[in-house]
Structure formats: C-alpha cells, structure tokens
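> To start, I am sharing the structure in question, which I have written as structure tokens.
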Amino acid sequence: MATILKLDNVSKLYGSLRALDGVTLSLPDNAYISLLGPSGSGKTTLLRVIAGFERQDGGGVLLAGESLDGVPAHRRNIGFVFQNFALFPHLSVARNISFGLENSEGTARPSAGVIAAKVRDIVALTGLGGLEERGVAQISGGQRQRVALARTLVTEPGLVLLDEPLGALDANLRTRMRDELRAIRERLGVTFLHVTGSETEALAMGDSLIVLDRGRIGQIDAPDTVYNRPASPAVARFLNCYNLFEGSLGEGAFVGPAGRFALDAAAAASKGGGPAYAVRHDRIEVRPPAAPAGADEVRIEGAFVASEYTGATQLSFFRLDDGRLVEVEAHLSHRSPAAYGADERYGLVWKRRDALVYA
Amino acid sequence: MTMTALSDGLAEARIEQPKPQRTTLWLVLPGVLWMTLFLVLPMLMMVYVSFWTQTTFAITPVLTTKSWVNFFSSDTYLTALWTTIRIWLTVLAATLLVGYPTALFVGLFVRNKTLQTVLLVLCVIPFWTSFLIRVLAWRPMLGKEGAINLVLQGLHLTSAPIEALLFSELSVVIGMTQIYCVFMVGPIAFMLGRIDPNVLEAARDLGAGFGRIFRTIILPLSMPGVVVGAIFVSVMVLGEFATSAALSGRKVNLLGNIIVTQVGSLKWAFAAVVGVVLTVIMGVVVAALLRVVDLRKEL
Amino acid sequence: MQSTLIKPALATYTALFLLFLYAPFVVLAILSFQTGPEGGPQFPIIEWSTYWYRHLLGLVPPSRIAPLPIDESLLRSLGLAFMTMVVSTVLGVASAQAFRTRFAGSGIVFYLIVLGMMVPGVLVGLGMSLVANALGIDRHWWSTAFVLHVVYTFPFAFLVMLAIFNRFDESVEEASWSLGVPPGRTFRKVTFPLIFPGVLSAMLFAFTLSYDEFSRTLFASGRDLTLPLAIYGTFSVEIHPNVFAFGVLTTLFSFALLAVYAALMTLSIRRAKRVALQEEAA
C-alpha cells in the first residue's frame, strides 16, 4: 500500500513539557486510521502539527513523499474536522461547503459551475439535501458534523484529520455517525486520521489503530491485534479491558502482591514495558470458592463488591486481599447474569495462555 | 509552575502561524510609530523646550533654567499650582461623595440586570452632548437670574439672588463634579456588582447591621473601583482648563489655563515648564493611587 | 432592619443624582427657545420663539449678534472625525490582531498605546505645537490636530478590538486555512465579518470622541476653527441663546449618529437571525 503521510521523529515542546517525543509513523493511503490516546497524550498536538497550525520543534512531516517543512496550513492540502466543528457562523450551509473552493488560492479556483456541481455531489453524499440555505446555527449537532465534513471533503484533500469529531454528539448519534464516516470515506478513497479518547470508538472505526502514550507511539497495529495483544502495559491500560498486576518476573512464574501466577511457556515475557501481568476482563471465570483450578489455569480469590449490567455483558468487581479491584466481564450471550453474594469470596480463574506478560 | 507553563505554552501555540514574528511586527509597527512620533516625542519635546531661552516673542534652543526659576519664584504660577491642587482635591472628594451612593444603589441594591443597564445608560447619555455645551449649560443654571436662584427665591429660601454661585471657584467645582462624577460611578458600581449577595446575606444573618457590613465588606471590596474612578477623575481634572474658563469669569486660573494663556502670548518655554510640572503631578498622583490598591490583584 | 430604609433612601438619592446630571441641559434646551435678538441667555422666557435656531442657520436679518461660524467649522469637524475614525480603527484592529500572539515587549506596547487616552489634551497639544514650531511646519486641523486626534481615539478602538478578539473562537480561522484559503483572504472572509460589530463600536467611539475633541485641537489646529473651537470661542465673550440652540442641535446630531449605529448593529445581528425565521416558517 502506498504511504500518504510519514512522520519522522517529530517532537514538540511546550516549555519543558514534551508534548510529542520522537513520533515516527507512516499512514497508508486509502485507509481509516484511529489514533487513540488519553487526554494529555499529545494526540491533538500531533494533529495540529500535521495540519500546520503548529510547527514541530524537531523531525519531519512528509505528505505523499513531499516535505511539509515550512509549508503553511493553507498549502498543505490536508483537511481538518474540529471537535466543535468550527463552522463559519455568518454563512449558510451551502456557503460553508463551497467556501474552500470559492476562496482557494488564485489559479486553483474552479469555475462557479464546477463549484455548484461539487457542492451538489457532496451534499448528496453527506445527506444534507434540503438544508443548503439554512444558517449553521439552525441545524442539529449531527447535521453540523456533516457540514464540517462536507466542507472539508469538497476541497478533495489528500488526507483528512478528524479531532474527536464525535465528541460533541450524544451517544445515539455517535454510533450512527461512526458508520456514516466509514461509508463516506470508503466512497471517496481518502485517508482519515481520526483522533479519539474513546477506546471503543478507536477499535470500531480504524482499519488500523495508533496508540499514543505520553507523546510517544505506544503501538500501531490492526485493532484486533491491539485489543488482543497490547504492546505494553500502558496500551493495555488505555484499552480499559485489562486487569493489570504489578510484580516481578521469576523462574516460570510472575510474582506480585496478588499472588504467584504460573506462566505458560509460549506467553512468557514476549513484550517490554513491564514488569506487568495482564488478563483481559472477559478471560476470567468466576467459580465457587471451593472449586479447584485446572493444571493450565491460574486461580486467585477475591470478595465480590458489585456488578454492572449493560445488556450484552455483565461487569463484576472483586476485591483482592491486598485491596486492589479485579474486573470480570461475562458475555451474556452464553449465560444468564450471575447473582453473587455481597462480600462473599469467589475463585477467579483464567487460562495461563490467556495472560500477557511484560518484562 | 509546570501547569502555568503548559497553559501559557498552549495559549501561545494556538495562534501560531508560519513566521508569526514578522506578521506581528508589521501589524503593531504602525501603531507604535504613531504613538512614538505623536505622543512620546511631543512630551519629550516639552521637557526639552522647558530649558530653552525665552525672549519676548520667540524661544531659542540655548539651555537655561531661567523659566524654571521664573515659575517657582512667581506668585501667579505658585497660586495657580495651589489652586489646581485645591480644586483637584475638592472635585475628587465631591465626585466620590456624590457618586458613591448612586454606585451603591446601582451596583448593589438593583439586582435586576435590565434596570441596572437602564440606570447606567441614563448616566452615560449626557456624554452624547458636546463637553463644551455641558459646561456652558451651567451658566443659565448658576447665574444671578439663573434657574437655581429662581427656584430658591420662588421657594422663599433666599430673599436675594446668591451671586457667588457663578463666576467663582464654587461654580467651577459644581461644573466639574457634574461632568466627571459618572467616571466615579461606573467603576465603583462595577466592583459592587461583583459582590456575592450571599456574603451580605450571611453577614446579616450573623446580626451585623448595615453600618458594620458597609465598613467591613462593601467598602473594602469597592476600593479598586474607587481607585480606578479616582485615576480617571484626577487625570481629567488636572488637565482641565475649559470649565474654569467658562464658569469662573477668569477668576480661577488652573495650570491648564496658564498654559493656554502663555501659548497665546508665544511664551513657549514658560508653557513647557507648566506642562512638565503638570505631568509630574499627574504621574505622582496616578502612581500613588496605584499603590493604594494593587489593581492587577483585585481585578 | 435598617436596610429596608436604606434602599428607598438610595433610590431617592439616585433620582436626585440623575436630576443633577440632566437639569443643566434641560434648562439650556428651554432657554434656546428664548425670543431674539433682544432676549438673553437667562430667565424669564420673554416669548417662546425659534429665533435663535433661525439665527444659527442664517435665516434672520443681520443683527448686532454675530452668527456662530458653524458652516465651515462643521464640515471641518466632520471631515476630521471621519479621517480620525478610519485611521484609528485601522490601527486599532491591526494592533489588537497583533496582540493575539504574545510577542516580546507587548507589555510596553500596551502601555504606550493606552497612554494616548490618559495624557491630557493640554499636554500633548502643547508638545505637538512645540514639535511643529521646532520643525517649522504650519499647524492645521488636517495635519497636526489630526494626528493628535488619532493618538487620543486609537487607544479606545484598540481596547474595544482587544475585548472582541478575547472572545473570538480561533478555530474558524484554522478551519479556513485547512480548506486552502490563505491567511489574508481568511481575515477578509472569516475574521472580519465576525468581528464587524466590534469594528462598528470602535468606529463609533473614534468618531464621537474626535468630533467633540477640543483641547488637542485648540493647540494644534492653527487658524481654521473646528466646531468645538467655535463654541470655545464664545466662552470669553458674552453668550447668547444661539449657543444653546446649537447645543440642542449637536445633541440631536449625536443621537442620530447613535441611532445609525444601533440600526447597523441590529442589521448585522438580524442577518444571523433571518435564517432562523425562515426555518420556523418552513
């Protein structure tokens, strides 16, 4: 696959704070890329550097092989969709969309007929038909989101950056817009770089997923790889679906305050960033306290605290003897929700091979 | 520390564009040049010329302190200096006394935003009339056959018209107070409007009387407003000459009037000396007022 | 409690305060309808008449009272106020735009600009005429007086624009750049329309302050009088009700200006709301 964007050791400083610390990556053309990072991880800074709103302090940015060093934002051919949409409040929907075409630099400006045709196409694609003459204050949040997208896409950018584009929408709309964003992108064949702080959004949207951790790349992989094999404890923590245990790596076992976990030969210490031991919420099985563990299993005990029913899953919390909480997620398609007694002790059991061990 | 450094950094970076320094320079340069050439340079020139030699009809750039000696040894000038300071202090006190209760009412007692705005707009409307017309309007008010004397006699409070009302120091003080008191009302009302009513409510619940609440809460919290108002009024009154020219019948000579007269008779060096004296007084007054309350901390 | 008495007391006081502010002007307006040419600027009103208004406009036979030199001075004042308005608004917008980025020395520049509205007219006026003398240039309302008017009104325009830019959402500008629109065009097509209400206020400030300005003009304008100088000239001589009539007229003019400003403001706000109405109708 051709590379559309390349970042080479990009760093950005705010005073003594390293917002970006040597970021290197390349984005394939015609793909949907999610960029996941907690707040403060530098993800918005990264987008703003790529867009040219801010200049990096070191390293290089290349778009389709050309260096963007010294190229101002308006000559980069990179679209940007803002979290607050940043629509032009004094212009109608149609004029917002045609704005970029009508005001582009000199020779690039298409004729009025061409502009009208392009606007018509993009309005149809984004489902904004009938709203063209409205003011942008008089349409709903979802429609504003579409205008922001249409306004960017109509200028045919080589790359579209989306800064938490669904953050300002309510939950229902967010799910619907996810599908639409994917569909629109596939129609146009342009690369989307979608920044989000939500792990479910990142996993759902991206053809590939970049995890940013304190100004550095934590992992770049397909979403299921990231989900199943996070590259570091930090990435596992952002994904919000792993129980992480601290401790140290011993002979054939991981030893920590929570107990001694025997290791599977294949799973042992394949990755760095630790030492840490991670088990996904849905890989843990809850058993009565008396039930023993199998030969290939690890078992600890905890007291039930509370559980949360979300429809498709049940999330239960257990407190270990050292005080830390362990989360267990049960998929209810296989079983009905379990009723645990408060403060009663249960065995928490998982397969050795399901554990991830970080050296 | 790191937090402020971070937020500062972010604020700076948000508006950064390629080559920000050059654009900013070109945007700010015309204004800076204008102010340097037409404000700073004239003021420096004034200081310089105050040391020039004054002949009957002209000045020559031969440095001397003669004009300065002349100023401090002349009764006329020293009287004018004293009159200026006296009238400034009187007007400052008068605007504060006249304005504070109104500011108290508008800022603290009127909690309806619309009514508050209406009252403030009512205070500002007179500014839409020419300053000079507002000064002149006091002549038919204060004159021997003026409105005030007519009303007083009509109410049989006085038997004969009070002549001292017009063409006296009193008329200048009255005129200036009316013209400048709004500059006192505005800032004070603004500061009072920011007092949380719950604080006053709590004080009242604890049994504090209005006098006590006023002394311990309202007055200290309104001080920044008083200082800002005092700076406005001081700077304007100290630079005044029109009100005294219109209402004192040439009996009250402020430093401003002296400058006008000296310039009229081409005594540029003397005028410059008076100008420098006035500038120094103003600088001292503003600096002193700013020391009373640390505005940056309060606002 | 006491405060139940304090509120009505303060309300009464405020009413008296407003009377104090307005009474002189009411008296002046009444006296402007004094009969002429024999009626003086005091009570009682001998006979109600519009004589002094006609006197002002040159519609009465010549009498011993010279007409105010308003026709030419009015034109000068309007021209001066217009020039001042344009220049100080441009300077104000440019400087405030520069202050959106932090730059070395911004603190000093800020005080330098604000100083312009603080230094009394007598002092800058005197200083300016000294400079003009030293350089041997003539003083005119359109040169030396004009630059001083801008020194005075530019800080007001600057502060107004600074407040406007403080509340300005910069992401719309970035959005425009990312659509391929160069910064200069972005300023014209996005920034300027959005800050336009502020620009109107800055213009209004500059125009009215300059139109009414006289202490700077007195020193720096040379022989030709502006309107405030024509009025100032009457201070030294006996005044007649024609000055009062003139006061009434200039006040009306100011209110007309305010009305134009209000109309323009409403128009620019309504432009945004118009679409809302269409939507409700649909």
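The count begins at 1 with the first shown residue.
Each Cβ is built from the backbone N, Cα and C atoms, and glycine gets one as well.
No curator has checked TrEMBL annotations; they are predicted automatically.
Worth saying up front: this structure is predicted, and the values here are computed from it rather than measured.
Per TrEMBL, the feature transmembrane segment maps to C:12-33, C:77-96, C:108-135, C:141-165, C:190-211, C:243-264. As annotated by TrEMBL, domain 'ABC transmembrane type-1' applies to C:74-261.
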> Where, among C:12-33, C:108-135, C:141-165, C:190-211, do we find the most CB pairs under 8 A to the transmembrane segment (C:243-264)?
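That would be C:12-33.
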> Compare C:12-33, C:141-165, C:190-211 by their Cβ pairs under 8 Å to the transmembrane segment (C:108-135) and return the stretch that comes out on top.
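If we count Cβ pairs closer than 8 Å to the transmembrane segment (C:108-135), C:141-165 scores highest.
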> Short question: which residues 6 or more past the ends of the transmembrane segment (C:12-33) have a Cβ under 8 Å from it?
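Distant Cβ neighbours of the transmembrane segment (C:12-33) are 41-43, 45, 48-50, 52-53, 241, 244-245, 247-248, 251.
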> In the same chain, which residue numbers or ranges, 6 or more beyond the ends of the transmembrane segment (C:77-96), come under 8 angstroms Cβ to Cβ?
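Non-local partners: 109, 113, 141-142, 145-146, 149-150, 153-154, 156-158, 160-162, 164-165, 195, 199, 202-203, 206-208, 210-211, 217, 226-228.
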